[in-house]
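Copied from TrEMBL, the annotated features are:
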type	residues	note
DOMAIN	1-181	domain 'Cytochrome b/b6 N-terminal region profile'
TRANSMEM	47-70	transmembrane segment
BINDING	H52, H153	heme b b562 binding site
BINDING	H66, H168	heme b b566 binding site
TRANSMEM	82-104	transmembrane segment
TRANSMEM	110-128	transmembrane segment
TRANSMEM	149-171	transmembrane segment
BINDING	H173	ubiquinone binding site
DOMAIN	191-364	domain 'Cytochrome b/b6 C-terminal region profile'
TRANSMEM	206-227	transmembrane segment
TRANSMEM	272-291	transmembrane segment
TRANSMEM	303-323	transmembrane segment
TRANSMEM	335-356	transmembrane segment
Amino acid sequence: MFGALASVVLIIQIVSGIWLMFGYENTEEGAFASIEYIMRDIEYGWIIRYMHTTGASMFFAVVYLHMFRGLLYGSYHKPRELVWVFGMTIYLVMMAEGFLGYVLPYGQMSYWGAQVIISLFGAIPYIGESLEIWVRGDYYISGATISRFFALHVVALPLILIALVFMHLVALHEVGAGNPEGVDIEKHLDENGVPLDSVPFFPYKVLNALVAIGIFGIVFSIILFFFPEGGGYMLELANFEEANPLSTPEHIAPVWYYSPYYAMLRAVPDKLGGLVVMGAAIAILFVVPWLDRSKAASIRYKGVLSKIAMTVFILSWLMLAWLGTVPVTALRTTLSIIGTIIYFAFFLLMPIYTSIEKTKPVPERL
């Protein structure tokens, strides 16, 4: 279901992005003005722009739910390791794609948010300063930066993303989809090689997806027409002002879907240490299939330790998501450190608590 929703949002993003390209100017002088032109002077330009920004948030929301479902029901268990790795690679490319697009409006928060993230490259020993200039294409965020980010955002990364989605689906087709029970239905086949416990793709799975898409469309439309900025979480209010390199915003915060990692970054006082922690938080997701040693794939049949760990992990992730959007205080920094420790402990201790806990018997069939 979430995979189908993600595909729908990807199509929305591609189509709305193409329409935005018609009026966008990828120069330092014209970027912000062209966005204002799209919003004010092009017929229905405002809805196309909001469709793209709202679509970005909804894309990440759907993917996060998809990932959570995968963690909950063990969709990464053998033989689906490659499906999971392709999925995580898609997520990584999405993060890069979202960041590049975030810079293009050349608003005040776009400028300073990009300044913070790009400056992290400067923390890398020996090559950091040269790498930082190479990424920007200049000594500051300028037209050269916007031009190269535009090329990557509208051509290179979408092509990579589409290719990865295709490989993700091919890998899924080879091993079959998972289920909430964590039972491998491919073990019991009929004389035609069709799993006995499966249902035909049409009409059952198609209609199931259509219902989900219908509900999603209603929610998407409500946000699009009534709350397109999402209270500043989906489209920051500071981004309605043109970038001013001489005036730093009081509080620099990312959009909500990057905020857990931003909270981890701020939890570490050393710039290089923060970069390593943030990178490790993403990288560790790739090795989850080899960290989980449980005999049961689904949380329904796992032991108490896994259920407690999952609950604490989700709560800590939500806490980090909130902490990444608010100004820093001593208490919030402490909470960010605690949340970061819990985040990594969930994964690093997974081989231990999944090995020692007692699981329920997993049924052979659905």
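Positions of Cβ are set from backbone N, Cα and C atoms, glycine also.
This view paints the features noted in TrEMBL onto the structure.
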{"residue": "H52", "record": "heme b b562 binding site", "DSSP class": "helix"}
{"residue": "H66", "record": "heme b b566 binding site", "DSSP class": "helix"}
{"residue": "H153", "record": "heme b b562 binding site", "DSSP class": "helix"}
{"residue": "H168", "record": "heme b b566 binding site", "DSSP class": "helix"}
{"residue": "H173", "record": "ubiquinone binding site", "DSSP class": "helix"}
Beyond the flanks of the transmembrane segment (82-104) by 6 or more, those residues with Cβ under 8 Å of it: 24, 26, 31, 56, 59-60, 63, 66-67, 70, 75-76, 110-111, 113-114, 117, 141, 145-146, 149-150, 152-153, 157-158, 160-161, 164-165, 167-168, 171-172, 175, 254-255, 257-258, 282, 285-286, 288-289
Most Cβ neighbours within 10 Å: which of the binding-site residues H52, H168, H173 is it? H168
Close in space but at least six residues away in sequence, with Cβ under 8 Å from that of H153 (heme b b562 binding site), the same-chain residues are E97, L100, G101, L104
Chain residues in Cβ proximity to the transmembrane segment (110-128) (below 8 Å; excluding those fewer than six residues from its ends, i.e. six or more beyond): 99, 102-104, 135-136, 141, 145, 239, 243-245, 248-249, 252-254, 265, 271-272, 274-275
Could you tell me what the rest of the chain brings near the transmembrane segment (47-70), counting residues at least six beyond its ends with Cβ under 8 Å? 2-3, 5-6, 9-10, 12-13, 16-17, 19-20, 35, 38-39, 76, 84, 87, 90-91, 94, 98, 101, 178, 216, 220, 223-224, 228, 230, 233-235, 255-257, 285, 314
Which residues does H66 (heme b b566 binding site) neighbour through Cβ under 8 Å, counting only same-chain ones at least six apart? F2, G3, A6, G87
Would you kindly list the residues that approach the transmembrane segment (149-171) from elsewhere in its chain, counting only those six or more residues past its ends and only Cβ-Cβ distances under 8 Å? 7, 10, 14, 17, 21, 24, 26, 80, 82-83, 86-87, 89-90, 93-94, 96-97, 100-101, 103-104
For the C-alpha pair, I'd like the distance in angstrom between H52 (heme b b562 binding site) and H168 (heme b b566 binding site), rounded off. 24
